[in-house]
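Q: Below is the structure I would like to discuss, written out as structure tokens.
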């Protein structure tokens with residue numbers, strides 16, 4: 001008989017207030033066992049507050065938090081089977097790497113020999129065995145990050161909390177650490193809860209993402225759903241790049257609606273429940289879902305003029321102006337095919353929006 005594994009974390013109607021200020025407004029979400037879960041949002045959205053509530057560093061004003069079915073909001077941090085990796089790593093400068101990693105185990109009452117053996121295992125996992133006798137000051141930023149990870153993983157917590165741990169690293173090292181973190185999570189089987197404001201980090205590493213803004217949960221889903229099917233204007237604008245327009249729904253035909261832009265142009269897209277003819281809503285079109293052509297091939301092509309090409313290495317962003325000077329960003333790959341679809345400033349072109357790429361959004 002199979003037994004269903006409970007969720008690693010269940011947050012139920014959690015509220016956090018500081019005096020008259022409400023930092024978290026009735027948040028409910030579940031994080032699965034062995035999941036890489038990301039809390040994503042801009043500064044001040046409440047993501048770190050929620051992480052600290054799970055860790056026990058912040059009290060819960062209202063609501064409940066469960067860890068593998070056990071209610072924990074009243075437990076002190078040292079009685080919760082979680083560990084936290086902080087943004088500043090918090091390594092002990094007077095201890096070498098081996099001592100730093102084994103410190104938590106010794107505090108839990110493990111014999112020194114057993115603590116060193118476990119520290120050696122985890123250092124091998126993070127590929128730092130050769131640096132075991134070095135002090136933190138003798139390590140690079142990326143190596144210090146891996147020591148902090150090793151120290152947090154050594155006691156084998158049920159959940160690992162990571163509070164923007166990559167923000168101090170340069171771009172290339174940050175990219176490498178993203179892959180390493182994902183690998184570590186898979187190797188250890190421990191649930192990771194990762195806090196970041198970086199959309200690329202979230203999309204690269206996460207099994208699922210909770211997008212937060214102003215203390216509220218805006219959307220929860222996997223990376224593809226969050227990017228391809230944003231729940232509202234905030235998510236569409238915050239995740240990746242997009243063109244946002246205010247439109248009016250002019251007519252409906254089954255599952256499709258005809259929308260009019262402020263400049264009078266119209267575009268057909270999928271209908272969305274709760275939106276009716278006459279409603280003024282927002283439309284999102286991702287730049288990579290738009291093609292520029294030298295001649296008209298579809299009935300809904302828009303005529304436009306190229307204003308600027310912005311070279312970005314792997315791709316090129318082209319800014320065009322539609323009727324009435326309405327700007328539109330188009331992104332093409334920097335490849336032979338992509339270059340054949342790039343036009344010089346001043347060129348008259350036709351804009352081809354792939355059907356299904358325009359998405360209507362709640363305000």
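Each residue, glycine too, has its Cβ placed from N, Cα and C.
Straight from Swiss-Prot, here's the annotation block:
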DOMAIN    9-239  domain 'ABC transporter'
BINDING   41, 42, 43, 44, 45, 46, 47, 48  ATP binding site
Q: What are the sequence-distant neighbours of residue 44 (ATP binding site), meaning same chain, six or more residues apart, C-beta distance under 8 angstroms?
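A: 214 - these are the non-local Cβ neighbours of residue 44 (ATP binding site), listed in sequence order.
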Q: Within 8 Å of the Cβ centroid of the ATP site residues 41, 42, 43, 44, 45, 46, 47, 48, which other residues of the same chain have their Cβ?
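A: Neighbours found: 49, 197, 212, 213.
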Q: According to DSSP, folded down to helix, strand and coil, what is residue 43 (ATP binding site)?
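A: Residue 43 (ATP binding site) sits in coil per DSSP, no helix or strand.
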Q: What is the one among the binding-site residues 43, 48 whose Cβ has the most other Cβ atoms less than or equal to 10 Å away?
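A: Top count of Cβ atoms within 10 Å goes to 48.
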Q: Quick check on the binding-site residues: of 41, 42, 46, whose CB has the lowest count of neighbouring CB atoms inside 10 Å?
A: 42
Q: For the domain 'ABC transporter' (9-239), report the average pLDDT of the model, please.
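A: For the domain 'ABC transporter' (9-239), the model's average pLDDT rounds to 93.
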Q: Return the count of C-beta atoms lying within 10 angstroms of the C-beta of residue 45 (ATP binding site), excluding that atom itself.
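A: By my count, 23.
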Q: For residue 47 (ATP binding site), write down the residues of its own chain that are at least 6 apart in sequence and whose Cβ falls under 8 Å from its Cβ; none is a fine answer.
A: 39, 40, 41, 195, 197, 212
Q: Using DSSP and three states only, what is residue 48 (ATP binding site)?
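A: Helix, per DSSP.
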